[in-house]
Amino acid sequence: MYPAHLLVLLAVCVSLLGASAISPRPLNLIQFSQLIQCANKGKRATYHYMDYGCYCSKGGSGTPVDALDRCCKTHDDCYGQAEKKGCFPLLSLYNFACFPGAPQCGKGNTCQRFVCACDLKAALCFAKSPYNNNYNIDIKKKCQTLIYMRLQTQ
């Protein structure tokens, strides 16, 4: 093999190693957003649900502040169950249909169906739960876990 070919091969290998270190992007958030819009018939933009309460953001801790926040906690728990089954919920693309106010999951493999069911349940829960503008809060201050709060008081 020529030295130039070895250099090209080495460059490709280094590029692939660098690309593998890039975190995957949450691909299904667009689908989840579409399910939310379908379920609530476009009454509230999806971005309103970001940073709502203690669980409607990345991660979550503490006690859910209301019914809508409980929807988000249930959704987080559902994604946790999906991960235990070997699924990657943020990367799972699935099929669904939007019938006004009644989205439905379509066919797919076990993980796609499971993740779609998580998103569908959350979207329907969001649609029926009241939205309180006061709960778009700073989670670092308001949503500490009980253990963390106990440690601070000792």
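Please read every residue number as a count from 1 along the shown chain.
Cβ atoms here come from the backbone N, Cα and C positions, even for glycine.
Per Swiss-Prot, Ca(2+) is bound by Tyr55, Ser57, Gly59; the candidate from Asp76, Asp77 named for the same site is Asp76. Candidates considered were Cys38, Cys143; the recorded disulfide partner of Cys98 in Swiss-Prot is Cys38. Looking at the candidates Cys116, Cys118, Cys125, Swiss-Prot gives Cys125 as the cysteine bonded to Cys71 by a disulfide. The cysteine that Swiss-Prot pairs with Cys118 in a disulfide, picked from Cys72, Cys78, Cys87, is Cys78. Take the candidates Cys72, Cys87; Swiss-Prot pairs Cys56 in a disulfide bond with Cys72. Annotation note: Cys56 (disulfide bond) sits in a strand segment as assigned by DSSP. In this structure, the C-alpha atom of Cys38 (disulfide bond) lies 20 angstrom from that of Ser57 (Ca(2+) binding site). The record gives Tyr55, Ser57, Gly59, Asp76 for Ca(2+). Within 8 Å of the mean position of their Cβ atoms, the other Cβ atoms in that chain belong to Cys54, Cys56, Lys58, Gly60, Ser61, Cys72, Lys73.
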